[in-house]
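*Asks:* Below, the features straight out of TrEMBL:
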- B:9-31: transmembrane segment (TRANSMEM)
- B:68-282: domain 'ABC transmembrane type-1' (DOMAIN)
- B:72-95: transmembrane segment (TRANSMEM)
- B:107-126: transmembrane segment (TRANSMEM)
- B:166-183: transmembrane segment (TRANSMEM)
- B:213-237: transmembrane segment (TRANSMEM)
- B:261-282: transmembrane segment (TRANSMEM)
């Protein structure tokens with residue numbers, strides 16, 4: 001009898017649970033007279049301490065959009081950038097349910113997602129809002145003439161250096177590779193770590209900033225597209241030379257010996273804590289360097305273009321407009337209105353200028369007045385103006401598989417596990433496979 | 001009421017919710033993985049059938065075999081290093097009269113932390129510049145013994161194994177302790193009268209009596225080792241040079257880094273088959289030793 005009681009109790013509990021499950025779905029229904037309740041999910045990546053200023057700007061735009069359309073509500077969801085790009089967003093795209101607004105990268109990511117039909121075509125919206133010609137470059141987000149994403153800001157990659165350490169070692173910013181190696185030697189002789197890098201584990205892309213600039217210097221800008229088209233090969237002598245230079249940097253002890261044991265943020269911290277004299281990084285990192293609370297070198301950071309090697313790619317600088325927001329194509333009419341309002345409020349000259357001033361973000365839109373900047377961003381702006389031109393990062397051009405393989409291969413190269421020649425062969429093999437897949 | 005319970009349909013009805021869950025989160029994904037494993041699929045666009053290609057690739061993939069070997073090392077380390085130490089510590093703690101609860105709580109503490117916390121904590125301990133281990137070594141003048149523990153091939157995987165053991169020690173010890181305390185006192189007392197003391201008592205009385213729990217712990221360790229993923233992802237990401245890769249992380253990378261969802265599904269099927277095999281082998285061994293003892 002006891003059993004019977006227990007069983008019926010269990011059955012009742014199970015039933016109530018099911019009933020409760022059914023009921024809760026319809027809770028959030030119609031709104032008040034002011035406007036229809038519309039909820040828009042928004043995935044951002046401003047989760048680090050150093051991205052607080054960027055987050056503030058996003059919140060401003062969100063608030064403005066919410067005020068403009070009564071009933072509209074954004075649901076913000078912050079996710080670490082690599083996790084979002086490589087895992088979360090990918091899984092959501094595979095399932096076909098990305099957030100309505102999300103952090104998106106141009107290049108291969110945008111291509112895959114738009115092919116799957118999950119990205120909203122922004123071309124008509126841009127025309128409607130009069131934004132079509134306001135962006136500096138939408139190339140990485142444009143496929144077959146249609147725009148599928150909007151860059152939040154641009155970036156410039158180059159070498160940041162600690163001015164105090166340079167003065168202590170009696171060296172000045174180098175312009176050629178030989179000078180660069182001499183500077184490294186002088187720093188090393190003084191017992192300093194010349195070049196910091198946190199490129200262990202998933203952060204193989206960090207060392208690739210150096211590799212990327214090196215092979216473009218050696219082989220010219222067109223090499224990146226050439227890999228995909230088949231007109232250039234990783235095994236070309238110029239590319240192998242680039243790999244040799246990177247290997248040199250490590251074997252001579254100029255690259256931090258713990259580079260492979262540190263993650264990106266740790267390598268960066270080593271630089272701004274004064275533990276290393278130079279760091280190859282992007283302009284997005286300036287915020288961390290100039291943060292007086294955390295950085296020991298705030299106000300004391302310099303910037304120079306990656307050294308010249310005497311190749312066809314000399315004088316150019318790596319930069320691009322590859323990171324911004326994308327929008328889901330699975331939106332209803334009300335949600336679309338909200339998306340439009342967000343674009344209208346977020347992509348404004350005022351907020352772009354504010355981002356430049358408060359978080360040192362390289363503007364993605366044409367803004368008339370860039371005055372008022374202080375610190376190393378000024379050097380970045382002037383160095384990029386002096387450059388012959390800007391080349392995009394290779395990973396916005398080559399296939400994802402090639403990108404990842406270069407990460408592990410360069411880790412192997414600086415770890416002494418492979419030779420420049422073998423690394424080049426491996427890269428070409430993967431490139432051939434990826435090119436054949438199309 | 002009793003009549004209802006004699007009706008088999010009633011039982012079917014009761015297990016229905018659980019069955020639906022089981023099918024939805026276990027059986028269906030298993031079959032969809034199986035289907036995906038025969039395709040070339042980037043996870044987003046259309047999949048194309050490619051037969052046994054993925055499995056062929058896996059068996060000739062050097063990195064996959066490193067991962068496989070690491071899983072086996074993981075299993076062996078768990079069974080032959082971790083579990084004996086756990087048994088030893090449990091027996092020692094069970095003999096302690098004072099502060100028993102203090103010890104219990106202390107060893108159990110790591111088990112309530114999430115793997116993410118533990119991974120990050122130990123990353124600090126292994127940190128090449130400011131890590132506890134290297135600082136200790138430097139303090140006692142053993143500068144040459146310092147390593148970039150998680151960044152060197154020779155030490156990375158071992159470092160993970162140690163961290164993983166540390167994490168699970170407490171949980172298993174508490175399991176074992178409760179088993180040890182359940183051993184009838186009369187049995188131990190009569191054994192003592194027969195002259196079994198100290199080590200002998202443990203070996204001939206306690207361990208055989210807690211054998212079922214030890215087997216459960218072994219089984220949990222083995223399946224845990226076969227499915228290891230989070231701790232590796234957090235601490236080394238399978239690097240340097242894939243030397244600390246396990247099958248789980250390799251699968252994860254194929255899916256989310258290389259966009260090879262088809263290949264990743266094939267690997268998941270292989271892991272499934274291997275885990276079933278290892279578990280079966282273990283059960284056979286467990287059964288046989290039981291027969292020998294009886």
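Glycine is no exception: its Cβ is also placed from the backbone N, Cα and C atoms.
All TrEMBL annotations are machine predictions without curation.
Predicted, not measured: the structure shown is a model, and the values here were computed from it.
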*Asks:* Under 8 Å, at least three CB pairs between the transmembrane segment (B:166-183) and the transmembrane segment (B:72-95) (pairs 6 or more apart)?
*Replies:* yes
*Asks:* If you count Cβ pairs under 8 Å, which stretch among B:9-31, B:107-126, B:213-237 touches the transmembrane segment (B:72-95) the most?
*Replies:* B:213-237
*Asks:* Going along the chain, which residues at least six beyond the ends of the transmembrane segment (B:107-126) come within the CB cut-off of under 8 Å?
*Replies:* 89, 93, 132-133, 149-150, 159, 163, 166-171, 173-174, 230-231, 234-235
